[in-house]
Amino acid sequence: MKKHFVVGETIKRFLRIGTSLALSISTLSLLPSAPRLSSAAGTIKIMPLGDSITYGMADEGGYRKYLSYFLQQKGYTNVDLVGPEGKDSASFNYNGQSVKYDDNHAGYSGYTITNLPGGWFGQLNGILETMQGGDYIKKYSPDIILLQIGTNDVSNGHLDGSEERLHKLLDYLRENMPSNGKVFLTTIPDLGNSGWGGNSNGDIAKYNELIKKVANDYSSKNVIYADIHSVIDASKDLADGVHPNAGGYEKMGKYWLEQIEGYLKASDGPQQTQPTQPSQGDSGPELIYGDLDGDKTITSFDAVIMRKGLINDFKDNNVKKAADIDQNGKAEVADLVQLQSFIIGKIKEFTVAEKTVTEKPVFEKSYNFPAVNQLKSSKDIPDPFIFMDGSKVESTDDWWKRQSEISCMYEYYMYGKWIDGSDDETTYSISGNSMTINVKRKSTGKTASFKAVINLPKNVRHEGGAPVILGMHKGISESTATSNGYAVITYDSDGMFSAPGTAQDNNQHKGAFYDLYPYGRNWDEQTGDLMAWSWGISRILDALYNGAAKELNINPDSSIVTGVSRYGKAASVCGAFDTRIKMCAPSCSGAGGLALYRYSSVGKTYDFSSKGGSSSYTYKENEPLGSLQASGEQGWFNGRFMEFRNAEQFPMDQHMLGALCCDPDRYLFIIGSCESEDWVNAPSVWMAYLGMKHVWDYVGISDHLAINIHKSGHAVIAEDIEKMVQYFDYHVYGIQPKMNLEELQTSVFALPKNKDSFADTFASKWLY
């Protein structure tokens, strides 16, 4: 098939867009800000502020959902929960009924009172600096702040100095909130036997005495003492030794209602304002075919450039792309004929070859690669269209062959051998919301098992059963998914610091996977944890295909894999290697996931105000190769990975891992977080996305790739799930989305004020 486009109109349209864009950029700083909208008089704004307990770790929505619901039941219709996180409306199941609640908050997992040294990434992020960075107290102007903070200070050995840090935080809050506003400062609960940081309850008792003292010192400044410690029984009310379970959060919701109700009855609630947010820009100008000299007109000069390029080969890849007039992937004589015919007026439009997407062929695996010490270092981002032997991809079939080679490269150099399940016999058993996966290795007779947790939607609205999100851990906004008709099955492990049963999170290589496939001396016996965790997700999928899907009314053909942090890396790997998975959706995956090793954002400053964040945020430290090769993380990879002296030795970079998901029948949905996520390097994830896009464009399935960079939160947040399911519903089921899906083709890093010129240059030497 052939299709036509009118060249003149294309150029005119481009010029209109370019002029408009230039005008909007040049005048943006001169335009007055939009007037802020006032909420109804009498509205009382409440900001839940704190760490992961405020966030709701272990039971999405935490105490906030209960407080919101109890306020509704008491008839308080003039209360608005506020904060930069969450959304205006969410729902949960309470006493057999679906209950709506206000999900806005300012809770951040792992945060301390102020920035402190320590933690997994070398720095513990502070609530004070986060509020200052986004100017959130002035933006949301809360009448009441429910402040619970300090668990991470104590558990990380920072009890000393906590009183002074509390003073700094309270001074900032009181200076920036309404003068008659109240801060309810609460104690923190004890830790259970499995709590992080060991037995810290002695220090917690000391810290809680400080809370009482500080609240008393600030009593004249509208700071009120609260005592959550008295509400939570660590032996009964904790889900994981740190975070409350549903019953514990319910107790907290009731307690907070009791504490604030007197103020609610006495207050008329001052009139407040909400901030406005500018819209994001696009990701750059479009290519004009035939305009080889870049002057936005097509003349005989372009024909001269094309003739020289066809004779001597094109030196500039962007010129070569503009010369591919029929868009068949090659600049050739047929393109020159069309160009000359257009210039002399013989034709008024170019004829473009319709791209057809063919089914992927299967290639035999080959691991005949050079040793690490034979690889040449290069600062350039590797061209995905060049084979290891230097030959070029010249057709779609060539690409599928190259994709197979890249897959083998990742096994050989980074993650270890992919175990495809052909030697596994998988059975399952279901009890309530728990599923046990039993695996027998056929060749040895060895057996192993691990557990998963099932979350089912109340109503299945998709034909063929509910789509299923397969999570590397709990805490992936399950209730948002189920409210959209999606099932969620996760490993029975809490959050990003609790390892699944398939492999321990260390370099010991123990767990269900290694019981069946012991770590050995040969490279093909050295499968790392990321592959092992991925193997477990694949066995869950086996169980679904083997009968569990029918029992649960789930459609296993509509599966999505996700996870955060190290499990974001694992989700990237799982989606790359198990082609049965319909969509891969890794979050905050960083180096070793979907962030380029070769791109650093250290020292770069960005404006995140369009996301409700800081207008001047500077990245301080990215996750380096050395960290991944350290003792605590080297178990994620294979032995050969430890041989690399620097990232410039890699014959691939992580845009090529993402490119393993390029498939006519599959999708990649990348999730990132831009603020307070220096370590996982969201700007580099954006660069990797731009690199991947060359592959999807070449194959002709550009809309099978998407990205969502949320403001903050080292997590799969509700926003991500909402956008993910709309994207999936549209592409897989044809359900029209409420959002504009074009938003998922850009990010805050594409805005003119944030754009790095590297985005336009790093792929300029690539074939396509």
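Cβ from N, Cα, C; glycine included.
Per Swiss-Prot, the feature active site, nucleophile maps to SER68 (among others); the stated evidence is similarity to another entry. According to its DSSP assignment, SER68 (active site, nucleophile) is helical.
In the structure as shown, the Cβ atom of ASP240 (active site, for acetylxylan esterase activity) sits within 10 Å of 20 other Cβ atoms. In the three-state DSSP scheme, ASP240 (active site, for acetylxylan esterase activity) is classed as coil. Taken from Swiss-Prot, the feature active site, for acetylxylan esterase activity applies to ASP240 (among others).
If you look up Swiss-Prot, you'll see HIS243 (among others) marked as active site, for acetylxylan esterase activity, on the strength of similarity to another entry.
Using a 10 Å Cβ-Cβ cutoff, SER565 (active site, nucleophile) registers 25 neighbours. Under the heading active site, nucleophile, Swiss-Prot lists SER565 (among others), citing similarity to another entry as support.
Other Cβ atoms within 10 Å of the Cβ of GLU633 (substrate binding site) number 21 in total over all chains. Secondary structure at GLU633 (substrate binding site), as computed by DSSP, is coil. Among the features that Swiss-Prot reports, substrate binding site is placed at LYS569, GLU633, TRP679.
As annotated by Swiss-Prot, compositional bias 'Low complexity' applies to 267-283.
Assigned with DSSP, the residues of the domain 'Dockerin' (285-352) fall into helix, strand and coil as follows: 31 helix, 4 strand, 33 coil. Annotated domain 'Dockerin' per Swiss-Prot: 285-352, in sequence order, evidence recorded as sequence analysis.
Feature annotation from Swiss-Prot assigns region 'Acetylxylan esterase' to 41-264; the stated evidence is a curator's inference.
As annotated by Swiss-Prot, region 'Disordered' applies to 267-289.
Taken from Swiss-Prot, the feature region 'Glucuronoyl esterase' covers 353-768, and the record attributes it to a curator's inference.
Feature annotation from Swiss-Prot assigns motif 'GXSYXG catalytic site motif' to 563-568. Secondary structure by DSSP for the motif 'GXSYXG catalytic site motif' (563-568): 3 helix, 2 strand, 1 coil.
Here Swiss-Prot flags 1-40 as signal peptide.
Site extent for substrate: among the recorded binding residues LYS569, GLU633, TRP679, the largest C-alpha separation is 14 Å. For the recorded substrate site, residues LYS569, GLU633, TRP679 set the reference point as the centre of their Cβ atoms, and the other residues of that chain within 8 Å of it by Cβ are SER565, ARG566, GLY590, ALA591, GLY592, GLY593, GLU623, SER627, LEU628, TRP636, VAL680.
Taking Cβ-Cβ distances under 8 Å and a sequence gap of 6 or more within the same chain, the neighbours of SER68 (active site, nucleophile) are LEU81, TYR101, ASP102, ASP103. Of all the recorded positions listed (HIS243, LYS569), LYS569 sits in the most crowded Cβ setting, with the most other Cβ atoms within 10 Å. ASP240 (active site, for acetylxylan esterase activity) and LYS569 (substrate binding site) are 24 Å apart (CA-CA, integer value). Looking at SER565 (active site, nucleophile) and ASP240 (active site, for acetylxylan esterase activity), their Cα atoms lie 19 Å from each other. Just so you know, the Cβ of TRP679 (substrate binding site) picks up 24 other Cβ atoms within 10 Å once every protein chain is counted.
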